[in-house]
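Asks: Can you read through this structure? Questions will come right after.
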Amino acid sequence: MSKNINVALIGNPNTGKTSVFNQLTGLKQKVGNYPGITVEKKEGICKLPRGVKAHILDLPGTYSLNTTSLDESLVVELLLNKNDKDYPDVAVVISDVENLKRNLFLFTQIKDLKIPTILVVNMADRMDRKGISLDVEAMEKKLDTKIALVSTRKNTGIERIKELIADYKSISSKPILDPNRISPEYFDRLKKTFPQNDLYKLWLVITQDVNFMPIEKKRIQDATDFTTKSKEELKKLQHKETVLRYQLINNILKETYKVDFMAAKGLRASLDKILTHKIFGYLIFFVILLTIFQAIFDWSGYPMDFIDEQFAMAAEWIKDTLPPGLFTDLLAEGIIAGIGGIVIFIPQIAFLFLFISLLEESGYMSRVVFLMDRLMRPFGLSGKSVVPLISGNACAIPAIMATRTIENWKERLITILVTPFTTCSARLPVYLILIALVIPEGKFMGLSYQALTLMLLYMIGFGMALLSAMVLNKVLKIKTRSIFMVEMPTYRLPLLKNVAYTVIEKTKSFVLGAGKIILAISIVLWFLGSNGYSDDFENAESIVTERIEKQGLSTYSKNYIQNNIESYRESALNEGMAPNALQDSVVLLTSELSERAVAQEVASYKLEHSYIGQAGKAFEPLVKPLGYDWKIGIAVLTSFAAREVFVGTLATIYSVGSDEEETIKNRMAAELDEDGKPLFNLASGISLMLFYAFAMQCMSTLAIVKRETNSWKWPLIQLGFMSVFAYIIALIAYQILI
Amino acid sequence: MTVADLRYGQKGIIKDFTEHILPIKLLELGCLPGNSVELLQIAPFNDPIYINLSGSHLAIRRSLAALIELEIIEETQAK
């Protein structure tokens, strides 16, 4: 049996930790969440020399073990808990050769935990260009460790890391800084009170809460009683520790690390002059945003159409090939329709994550934060809120997870609460189909009304996010110190591999996450729509036939027959069919069509008296003032699981209620209200769009908000406020327009 | 004189401070007495500012920068 080694990758942000992780594990990695919190947990397997296997854990980036955010506290918690199954046998600290001094700060802290610690000096390929020389051997001696010089870009040094990990037993686990030096008096007392415990670990536990408030943490049981020092005094000691560590590091670097500034060349300074320029900076950012939107709305149209066609074909193929029956219906009407509704988002989601990961990898995202900070502040947000708000245009879930970099709790909470107003891609199919139905074609200043409407909806969403942020900023009484600090990393060309991993990983988790919900809902809907309990449902056929004998076909059916015959006549005449033959075939077609119309009326009567129809009817009074019938009501209701369900629900409801393949849009256009007018008109269409713009219809987002804020309070407030607001706005819009 | 008062291209040395008002994170990134600070860029609307703090390239808000006292050492040609 080969033994598994637990390895933890630790390092400052922007040191290329993820690249090292990707190089070590290749595609043998999985991304999940730490139990209870949504901090991403990346794990992978790496094969080492001599048949040893290493289980590698990529910990969130941190500058030190003195935590100021959720991500960082997680690192500390793991390193303090020897019983954790992920507790590392060996720690690998990734550092960047240009910021070695700062990176070594973290290194010395990790080493003081008495974990064997390897130092990886990454980006070694930049040494020449930056005029850096490094005496590796001398440094290994001074730091009492082993060092691997690595370049993930040039693909060198990875083998050396593997060898060092395999040989971890020979790596020293002696600490570097004696904690007694921080305060002899204090640590002496500490030692007397807790003779069993490691002093430095105790110290970390005691000081953990000093800098970081809103998250509750487990503590070492005994340590809670030992609060003989005030916060200010503890902070003073932390400062002392920082100074001591830097003294130590400076002494080591003096002898081993040289920078010839004359030889140093850098892109950063010159690029920053343009990219963070007061005018050009905004212009460039604006152009980049436009490009992203263009990609999401325009370029992704082609693959989306393709996917749409494939799924329509698949559904038809199943209906044609499999024997008719319950299972075939479920497959074609419930499952395929449901899955198609989610797969179609893949191109958009992938494009968005492609751009976001390009911007992040290149180092540009930090510049956006820098540029936007002042603009966001009047709204109670920070420059760091910009990234979540932009990502929110793809999906609120990763966007809310991206708020973790905001240290200020109030700013972070506001960002979390308003992000769901931004127009996520799940709203897009709803908007697109409604716009196509109710907004007339035509142009205004070269732009089509339909495109303008879409743009307006995006602006409404973003504006609403800012507006509610401003209100929340006034209303919320949370005291926090504002520490806004953003590192501006050197610009680098994004590594294709890293970008590809991100895009694949994020897209996959979106599709699987949302897919499960949609699939489940489609099946339940389909079942509820094709079953009923009342006599009306059981005897639908005889009731409808009787009604038709007495009153004739419904207006809808009459229109349906007439439209079909007209278009048939037209195409037949174009093909040059003789009038006589045409007359005969029209008679034949008419009888065929009326037969089909009867079947359809039976089906829709059945639907109306099915479980779902009954539920919808009960729900109808609530949505009637907004201009919706019970079918739309059901679609809106199911959308509270996820917005994109809207189109899928209508597709399922309508295809249960008809026996032929027809596009969902035509089916919607043909729907009539009680007065025989189109159900989807300008008033009800706008009302629906506004409802979707404001309502909180996404279970996954609520779940994420719950986890990120650590209480049900905020997601429930969010759900209540957004939905009531949406209802009122939709009501006003409909009543004005009708 | 504080970091918030720096002009383009100016460089200073952080003065000894006894008051522990600065967040620990800033110290860890190198904001310690004796280290140098150089102003690199100022964001639109004058805030935040972008500094080189003894090798760390950081953006901080003016309110925080005003807490870091320093002495000017270099008066490079301000353009």
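Each residue, glycine too, has its Cβ placed from N, Cα and C.
As listed in TrEMBL for this protein:
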- A:4-171: domain 'FeoB-type G' (DOMAIN)
- A:279-297: transmembrane segment (TRANSMEM)
- A:335-359: transmembrane segment (TRANSMEM)
- A:413-439: transmembrane segment (TRANSMEM)
- A:451-472: transmembrane segment (TRANSMEM)
- A:510-529: transmembrane segment (TRANSMEM)
- A:682-704: transmembrane segment (TRANSMEM)
- A:716-737: transmembrane segment (TRANSMEM)
Asks: Ranking A:335-359, A:413-439, A:451-472 by Cβ pairs under 8 Å to the transmembrane segment (A:716-737), which is first?
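Replies: When the Cβ pairs under 8 Å are tallied, A:413-439 comes out ahead.
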Asks: Averaged over the whole of the domain 'FeoB-type G' (A:4-171), what is the pLDDT?
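Replies: 85, rounded to a whole number.
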Asks: Do any residues of this chain, six or more beyond the ends of the transmembrane segment (A:451-472), have a C-beta under 8 angstroms from a C-beta of it, and if so which?
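Replies: Same-chain contacts beyond the flanks: 297, 378-381, 389, 392-393, 413-415, 417-419, 421-423, 427, 431-432, 435, 439, 444, 689-690, 693-694.
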Asks: What residues elsewhere in the chain lie close to the transmembrane segment (A:279-297), defined as a C-beta under 8 angstroms and at least 6 residues from its ends?
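Replies: Contacts with the transmembrane segment (A:279-297): 348, 351-352, 355, 359, 364, 367-368, 371, 390, 393-394, 425, 454.
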